[in-house]
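Student: Just passing along the structure, written as structure tokens.
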Amino acid sequence: MAAEQFVIGQRWISSAEKELGLGVVTDARDRRVSLSFPACGEHRTYADRNAPLTRVKYDVGDTVYDLDDQAWLVDELQDEGHITYLVTGIDGTQKALSEVELDPFVHFSGPLERLLAGNLDKPRQFQLRLHTLEHLRRLQASGVGGLLGPRVDLLKHQIYIANEVANRFAPRVLLADEVGLGKTIEAGLIIHHQRHNHRAQRILIALPDSLVHQWLVEMLRRFNLHFSVMNQARIDDAIESGDVNPFDSAQLVLCPISLFTARDENLQLACQCEWDLLCVDEAHHLVWSEQQPSIEYQAVESLAKLARGLLLLTATPEQLGLKSHFARLRLLDPDRYHSLEEFRAEEDKYQPINELIQTLLADDGAAALQSDAGRQQQLAEFIGEDRVTSLMAKLASAEAPSEMIVDTVRELLDRHGTGRVLFRNTRGSVSGFPQRCLDAVPLDMPAHYDSASLYPEQDQPEDWVELDPRVEWLEQFLKLNRKQKVLLITASAKTALALESYLTLRQGIRASVFHEGMSLLERDRSAAYFADDEAGAQVLVCSEIGSEGRNFQFAHHLVLFDLPANPDLLEQRIGRLDRIGQQHDIQIHVPYFEDSSQAVLLQWYDQGLQAFTQTCPIGGAVKQQVQTELENALADPSNAAACQGLISKTESLAKELIAVLQSGRDRLLELNSCNPSVAQNIIDQVGEAAQENALQDYMLMAFDQFGVDHQDHSEQTWVLHPSETMHSPFPELPEDGISVCFNRNKALSREELSFLSWEHPMVTATMDMVASGDHGNCSLCTLKLPPLKAGTWLLEAVYVVHCPAPKAHQLNRFLPLTPIRVLLDQGGKDLAGVVAGHQLTGLAKTLPRKTAADIVKHLKPEVEGRLGKAKTNAETQAKALLKSAREALTKEQDAELARMVALAKVNPNIRAEEISALEEQNAMAENYLKQSQLRLDALRVVVVT
Ligand SMILES: Nc1ncnc2c1ncn2[C@@H]1O[C@H](COP(=O)(O)OP(=O)(O)OP(=O)(O)O)[C@@H](O)[C@H]1O
């Protein structure tokens, strides 16, 4: 679309967000167009070429509304880039109405106007509308909206986190599940949820170069999220052509962090944009110290300050120690994590807090607390005297003491654990993982190698591959296991390259390489070559950092050509295979040189930390404490006593630290990261809300009515094509068709099918198209309905309560779009509770259009009279809806305000303005609710025969 098509003052409607109402173009320069949407106080800026906008142009004969909500009939229009309508009012007055003077609320022809004009829809169209409203209500009220759409297995630990985090306003959390438990999936669930519920629109994902493609694909195929990848070429092009800030050219942007560290201007451009959510993967690379934060840290810090929400992902949050862990928490919530010293002191408090929590959560927790003044005192130290006094009073009178205890535990975790900001699930708490088996392969050390070096080949000339016994073992191993896919990891890219070329060129083994020096495209090609089942590589040779975060669980043989000096890196290596979806036990092969430092390190990992066969959360902490002994033993591998001393000390430290973690912070984290019964409950609710059969029926009905050709392809699979009877494009339907299914399991096993859920863009846009347009909003039918007398008629009126608030307030959580249906008989009795809409449709017969129009003309005065009564009935029901919406809103607001006030007491960095901003926001939300209006959405006249 060319820029000159947009003229200031023109009215356009957003096809992606019709609910914004009529937008006014306020600026159209530099290939950008900005619009203001006065109906809901929102603004949008788009790149003009791909703006999702449709020009609003009324035709002669249409009714338009001015800013005073007066209706006018269009007689003529003058379009000079900017339209002037010549209109006639109800009283016959004529005037010129500029399009700027149009009411910002979109007025499609109202049901009463259409009815009286004899412009009637068929009963099944009316039914589709009723279904649409009912499903919208059901989905908005379900409490699990945002969790239905993703093409993922519903796993408890992920669903719990997604639900917990995504329901927050601008969440800021660290997702720290152990390697391979699905942090990317959790982030995708949160992003999809926040977008679906309009809490976040603009998302920036920043990650290591090697993961860009994997994320791009994962976001698209599992979440229908189309991210744009930002790179230097795109930025340069945009700057050269004077284009819009390239980061503003898409709502969803994915880019390597290296883009921000390569050039300061790139970071500045990204910082000039508004981001609702920033997501950073492999966040342990953000190295920090008070004196010298790394440039990656500083870049993310600048963005994190500006972005409203923040998701940091790392499997090894403490890889670089407690200080660095603190640095990441500080990015999330600088108010809560304002002092490293206090943070250290907090760590010491975890054990008593955990003990207190355990007593509270015990079966008799509430009673025990009531009878134990000492315990009440202890609780008061953490949450304050006032809270304990009010809790005791409530417990004394409460019907549901366990709920209060759970709330108190949450409060403790929030204020004194890393509760609200850190989530970590471990394999211990997630079942179904295979075993890990170690195959240590002792080899003789070549005489020219240094026995104290962990990577002796690095000091050798290029022909080392021909002489190294590990390479010889590798050849044999690969030849013996020709049918197996093997992932090999080695510390350096140079070693990886040498191995790959030797295996390929000299041994004829299909090998591929993967390291940080390769371009993104080369890396993705290489990973795809390895993944290919038929003609693919047998072995992928990876450098340490090159493979981080990648999914290779289709293989179950891992060769560690050498060992990393850091236990967290060892876990990262094994995590490439030990991931969700791994079907076999994992075989970890470690060729090593006897009597060398490699043997010492292997023994230390295996016997000291058991790091091969289990995940090892305390590896980094133990290493810090045995650093000197470890260095000495590695430097002198022949000193067996030193090695033995190291192993014994490591073993006992490991036991001790695991016990401390179990009784302290990890236990708290576990409590906080997944509550299996709550998670199961959410999964059950998702199952209920998914209504796959109802969705299929609904969409088939919509396909029929909008002219989409659908063929039953194979079991539960449909092929959709535009048909010749299709009047206008059907949302998300490509011209050359699409294959779809409505079933989650089918979608998981058949990736080529689109998974149509209630949250798929095709489905949401269809519902939007029906609900916000006039499809099926008025109808007339006849039916037999004993004992109703023939010759009488019923008026069916459907109203909705509409709250004109900016989406960011999320008020539909409290006031979902609820159809209020009234069915009045001749005596004014409301039969809505007795006869459902679909029952009427089931019995309904249509009349020829002319006959129907004559009946309406005849009934007109009575229809209008009866509609008055219907409105009164609907208003009573709307009042009750609004009352409960206000109560729910107040309850949530009070809880959030109380939390901030309580946190402010513990943390002086929470500013008074923050609390007043929250109060102001609450007041605005209440005000919007008060302004809710009842709107007539659909009308049907039912003549009894
Ligand atoms: N709910 C799910 N349904 C289907 N597949 C899943 C699910 N969760 C995770 N997976 C698959 O498991 C693998 C690991 O998931 P993911 O990459 O999100 O883990 P991670 O925790 O981010 O790993 P790392 O720590 O290595 O970065 C991926 O292949 C992912 O597609």
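For all residues, glycine too, the Cβ spot is worked out from N, Cα and C.
Not measured: the values here are computed from a predicted model.
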Student: Among 101-104, 281-284, 593-596, 857-860, indicate the range for which TrEMBL gives the feature motif 'DEAH box'.
Tutor: 281-284
Student: Could you check the binding-site residues Asp177, Glu178 and say which one's CB has the fewest neighbouring CB atoms inside 10 Å?
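Tutor: Among the binding-site residues Asp177, Glu178, the lowest count of other Cβ atoms within 10 Å belongs to Glu178.
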Student: DSSP on Thr184 (ATP binding site), three-state: which is it?
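Tutor: Thr184 (ATP binding site) sits in a helix per DSSP.
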Student: Please list residues from the chain of Thr184 (ATP binding site) whose Cβ is under 8 angstroms from its Cβ, counting only those at least six apart in sequence.
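Tutor: Same-chain residues close to Thr184 (ATP binding site) (Cβ under 8 Å, separated by 6 or more) are Gln214, Trp215, Glu218, Asp281, Leu313, Gly549.
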Student: Could you give the number of helix, strand and coil residues in the motif 'DEAH box' (281-284) as assigned by DSSP?
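Tutor: Secondary-structure composition of the motif 'DEAH box' (281-284): 2 helix, 0 strand, 2 coil.
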Student: State which of the following binding-site residues has the fewest other Cβ atoms within 10 Å around its Cβ: Val179, Leu181.
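Tutor: Sparsest of the binding-site residues Val179, Leu181 by Cβ contacts within 10 Å: Val179.
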Student: Counting across all protein chains shown, how many other Cβ atoms sit within 10 Å of the Cβ of Gly182 (ATP binding site)?
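Tutor: 22, counting other Cβ atoms within 10 Å of Gly182 (ATP binding site).
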Student: Determine which residues of this chain, when Asp177, Glu178, Val179, Gly180, Leu181, Gly182, Lys183, Thr184 are set aside, have a Cβ within 8 Å of the centroid of the ATP site's Cβ atoms, and list them as they appear in the sequence.
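Tutor: Going along the sequence, the neighbours appear as Glu186, Ala315, Asn425, Gly575, Arg579, Ile580.
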Student: Only counting partners 6 or more residues apart, tell me which same-chain residues put their Cβ under 8 Å from the Cβ of Lys183 (ATP binding site).
Tutor: Leu175, Ala176, Asp177, Asp281, Leu313, Thr314, Ala315
Student: What are the non-local neighbours of Gly180 (ATP binding site), defined as same-chain residues 6+ apart in sequence with CB under 8 A from its CB?
Tutor: Ala315, Gln553, Gly575, Arg576, Asp578, Arg579, Ile580, Gln582
Student: Can you work out the mean pLDDT of the predicted model over the motif 'DEAH box' (281-284)?
Tutor: 88
